[in-house]
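> Before I ask anything, let me first share the structure, which is written out below as structure tokens.
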Amino acid sequence: MAPSLEELGAFMRRWIAPSPDDKTPITLGNVWVLVIPLAATLVMAYLARRPNTWAIRIGVAPAVIMTVGRVLFGYYIDSPLAATFNYALGLCGVFCVGLTLELARAPAGRRKLGEKVANQGSQSTIERDADLRRDHARRPFHAGLFDAIELLCTMRGIEWDFGSGVHVPPSHKPAARGPCIRATLQSIVLSYFALDLVDSFVKLWPDRHTIFISTLPRLQRYALSSALQLATGLLLVAGSTTIYNCLALGDVVLLGHEPSSWPPAWDAPWRATSLNDLWARGWHQFLRRTFLFFGGYPLGYLFGRVGFVLGTFAASGVFHTLGAYFIGAGLDMRPFVFFAGQGVLVLCEHAFRIVTGRRVGGWAGRIWAYVVIFTLGQPFIDSLFNIGLDRSLVIHPSLSPARRILFPLIVRGLDVYYARKI
């Protein structure tokens, strides 16, 4: 007997986006399954670098999406200390699904800038395709594999055909290989200490599950919630910088790539002079292609610039909302409201320029950006605390200089100070 549409829909929901009751805890015995969705997505990236694979990519994409959904949305670490990992796993799943769809819809695959997709000139299409097939046929398999890994990891699209218009922050590291490696090691150490200090500060308020402490008076409550919001942003900056620099160091030292292929991930977002400056230049651009693919390009095609801006920020809101939903935290719309609202306010800045002839900028623009982020952004940060990101393990206490050395010294110094006063 054939299954009904309801039974088929329920099966698909359990397979692609399992409910919390259907999720499987990650153990040492099954942790290897996390490699499967990455390998499936890597296959799509490999095919995108091969000629004449469009039909194959379209055919393979549904299987890749189901594999990604079943593993990255269906497995989790059963511990409140793993909330950050589980949240990142959900976001990674949404990203891999978007990347698979993007690679499936690109007829010519993905190419690097200046790469000879087809020889210009008077060659016929058949001759150009034959040349392209010969170029790829001469390449060994491992070269194509490294190529696919590079495509999978090149999230900003720097020097690729999909990275047009992306802002590349200027690098302040030495251009020479040796000094650049030393500067990267120094940056890893500094960002690690910054990450540890901020994470230790957040852990001073354990098991609150919110940035709003109801027992405090209103002024102190907002001051603490603002401090926790700032700490959360610094956690993201310091944590991603540490990971990014470790990957850059490994790539340059082990694979021999040039240091210039790893420009900074951030461009001092705290110095942004408008919301447009913050999101287009200061903030990281790792998820730019995902947001453009799901929201910016479709709505931009329908409604022009307004649709492009609103669609990009709406896609960002959906992305952050689904990351929490797929780890079983329920459907909290505060992330979507925050990011969609940022799109509206960026358009307001554009309207201000049209009306006045001046861009939002300077100290007034910086104050405007800070006020918006530290008011409208607090419900979003609170939603992250609600799913347990405040109490999740980022750095183990045994590896924390702040908790092992700095904080005990501060407590001891305060004890001595108050003992002398008494």
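Quick reminder: no glycine exception, Cβ is built from N, Cα and C everywhere.
Checked TrEMBL, it gives:
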- 262-339: domain 'Wax synthase' (DOMAIN)
- 29-47: transmembrane segment (TRANSMEM)
- 54-77: transmembrane segment (TRANSMEM)
- 83-104: transmembrane segment (TRANSMEM)
- 336-355: transmembrane segment (TRANSMEM)
- 367-389: transmembrane segment (TRANSMEM)
> Apart from its near flanks, which chain residues at least 6 from the ends of the transmembrane segment (54-77) lie with a Cβ under 8 angstroms of it?
15-18, 22-26, 30, 33-34, 36-37, 40-41, 43-44, 47-48, 85-86, 89-90, 92-93, 96-97, 100-101, 103-104, 106-109, 326-328
> Determine the mean pLDDT over the domain 'Wax synthase' (262-339), rounding to the nearest whole number.
91
> Restricting to the same chain and to residues at least six past its boundaries, which positions have a Cβ under 8 Å from a Cβ of the transmembrane segment (83-104)?
37-38, 41, 44-45, 47-48, 57-58, 60-61, 64-65, 68-69, 71-73, 75-77, 110, 152, 162, 287, 289-290, 293-294, 319-320, 322-327, 384, 387-389, 391-394
> Which residue counts does DSSP give the domain 'Wax synthase' (262-339) for helix, strand and coil?
55 helix, 0 strand, 23 coil
